[in-house]
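To keep things clear, I will list the structure first and then write my remarks on it.
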Amino acid sequence: MDREIRILHTADTHLGYRQYHSEVRRQDFFKAFETVIKDAVDMQVDAVVHAGDLFDSRNPTLEDLLETMNVLSRLKVANIPFFGIVGNHESKQSTQWLDLFEEMGLAGRLGKAPKMVGDVAIYGIDSVPKSKIPLFDYSGFEIPESLPENCRKLLVMHQIMQPSPFPDWDCAEVIENLPFKADAVLLGDYHEYEKIKVGESWVTYSGSTERNSASEKEPRSYSIITLSGEGLEISRRTIPTRNFLFITAKVDGEEKPFEQIFSTVNEHLEEIPESVVFLDVSGDSSSVLSFSEIEEYLLSKGALVVKVKDARVKEGIPEEVIKVAFHDPDRAVAEELRRMSLNDGGLIVDEVIRSPDVPRSRVDEETENRLLGLIEAIDFKDPDFMIKIPVSHVSPVDPSSSVSSIESSGSVSPIDSVSTVSPSSPSSSAIIKEPEELKPPGAAEEIENPKPAGVTEFTAAVAAKSETLMPPVRIQRSESLNESLNKIFEKHDVVPESPETAGSIAGSVETAVEDEISKVTPDSGVITAPQSSSPVSFSDNSQTGFSAISPPESIPSPEILKENSEADADEKPVDGKLSEEKPVGVPDKATKTVKQSHRKGKEKSAVPRQYNLGDYL
């Protein structure tokens, strides 16, 4: 080498970290970084190398970015280059913050192409997820022919490397697979200073510039790498940082535990101001302590941040209750993916979303292209090809079960006095049976429509000649027919005095039923049923006091039915309207108000359309 080269090695500055939710602690991290840069300018080093985690978050605030650019500009003024790699905390899917600083001339991003500082070539590898370490590609490193023969080569990485604690990567493996001989490997991610030799290469961690946790009790530092013709030297420089004070107060079971704790705290009054204080309370656990009072007392003594921990052990409980083991996050994700049993498409989507090589703006496009490629590769004509569809947990309903349950039941509701007629059987006759039991006139109740049977059960019941069964729901909506039948059976005050009177009542009932049916005109789109071979007949039931409708013992001739209908011709509908005269045994409908919307035809007809006469009975 022509001359001695000095490079400042730092890492894990974690700028923007608001530790313990304290703005003062956020400023402390910037002050530590400023100290490093100030020392670099004062020592006139040849370059500053940052080994990852410049920021604590991949989304630093605008204030953090402005302060960082302000600090880096001091190096630019001093003509000292700043080189860095991307750490795991700040890694983004697309453009990195180092790329922005490089465009501004404030920094350079290290990679497989070397950055030259005199006769020293510096390479870099960004933080690699643990799951991708076995697949890392060592090819692509550039070794320019213009490099001098005695050129020294440095590699900068952000990984936990073996032989450090909890390693992710074997440093010896990396050095062996590199296409060049590395004189030193400058590392980040481990926050303590380390320096070891692996083979012929030096491996060193500079440590973090500020304490990221209470466990980091050692002084913070950075390193100076000195390269010359005689060899390589690594020296450590510490950084002054805010004091972390650890106090242990023991309670021995007296009545005044607070006095014991405050007495112990008072022994450190000179160290408490502007310090981050950690107080552990140990000893007897019988007394109840208010930690808020202890924190307020320490803050009153000038502490910046106070953390109180109850380290007392309750009687009968061993000190080690549970052993906690922390698993690798990447391994946990892999186990969760195996548990989910994703298909090929799901695995492709997961891989694209979590890949750092796919920019966020191209996730949708890349996912679509990969899935289309998967679909095109599938041979749908393959006889072994099969699409699995989850089976519903709902048990199928057997239509015959409803019918069988009805047939097995010995009791039939009084309202089930109307025999069902299949719409597909025009030759069947609708027969209205006489109720088996009739209540006294004073005990008459309003007849409620039972829950209608389904169409399947309705058809099956007719085919099996079962007991009476209500038709489907469309019959329940027939307001006019239901109202007429209900009011006929409720009219108990009309009692015939003679068979002649009873006969007139039967005729009136027949007329009322015919009047209701005649409302269904061809204009409404209703298809009337053809003439049945077994017409409806009416019989007299003088024992019950009113006329009931029952199946005839003998079928009357059409002439008799015609004579009965002509007897009440004056009560037949004229021009589609009922007569205003009240038929015997039929409630007066003239007093019932009709809604205006019904007159104008704004609402649907009460009688369903396109059903035959059997549906209405």
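Yeah, the Cβs are placed from backbone N, Cα and C, and that goes for glycine too.
The Cβ neighbour count for His89 (active site, proton donor), using a 10 Å radius over every protein chain in view, is 19. Marked as active site, proton donor by Swiss-Prot: His89.
Shown in sequence order, Phe29, Asp53, Phe55, Asp56, His89, Ser208, Glu210, Asn212 are the residues of the chain, 6+ apart in sequence, with a C-beta less than 8 angstroms from the C-beta of His14 (Mn(2+) 1 binding site). Annotation note: His14 (Mn(2+) 1 binding site) sits in a coil segment as assigned by DSSP. Per Swiss-Prot, the feature Mn(2+) 1 binding site maps to Asp12, His14, Asp53, His191.
Here the Cβ of Asp53 (Mn(2+) 1 binding site) has 27 other Cβ atoms within 10 Å, regardless of which shown protein chain they belong to. Secondary structure at Asp53 (Mn(2+) 1 binding site), taken from DSSP and collapsed to helix, strand or coil, is coil. What Swiss-Prot lists as Mn(2+) 2 binding site is Asp53, Asn88, His158, Asp189, and the listing cites sequence analysis.
Under the heading compositional bias 'Low complexity', Swiss-Prot lists 395-432 (among others).
Taken from Swiss-Prot, the feature compositional bias 'Polar residues' applies to 529-547.
The compositional bias 'Low complexity' feature in Swiss-Prot is assigned to 549-559 (among others).
Residues or ranges marked as compositional bias 'Basic and acidic residues' by Swiss-Prot: 560-583.
Per Swiss-Prot, the feature region 'Disordered' maps to 395-437 (among others).
As annotated by Swiss-Prot, region 'Disordered' applies to 513-617 (among others).
In the three-state DSSP assignment, the secondary structure recorded for His158 (Mn(2+) 2 binding site) is strand. Around His191 (Mn(2+) 1 binding site), the C-beta neighbours below 8 angstroms that are at least 6 residues distant in the chain are Asp12, Gly207, Ser208, Asn212, Glu216.
The candidate set comprises the binding-site residues Asp12, Asp189. Of these, Asp12 has the most other Cβ atoms within 10 Å. Around His158 (Mn(2+) 2 binding site), the same-chain residues six or more apart in sequence whose CB sits under 8 Å from its CB are Ala11, Ala51, Gly52, Asp53, Ile85, Val86, Gly87, Asn88, Ile125, Asp126, Ser127, Leu187, Gly188, Asp189, listed in sequence order. Secondary structure from DSSP puts His89 (active site, proton donor) in coil.
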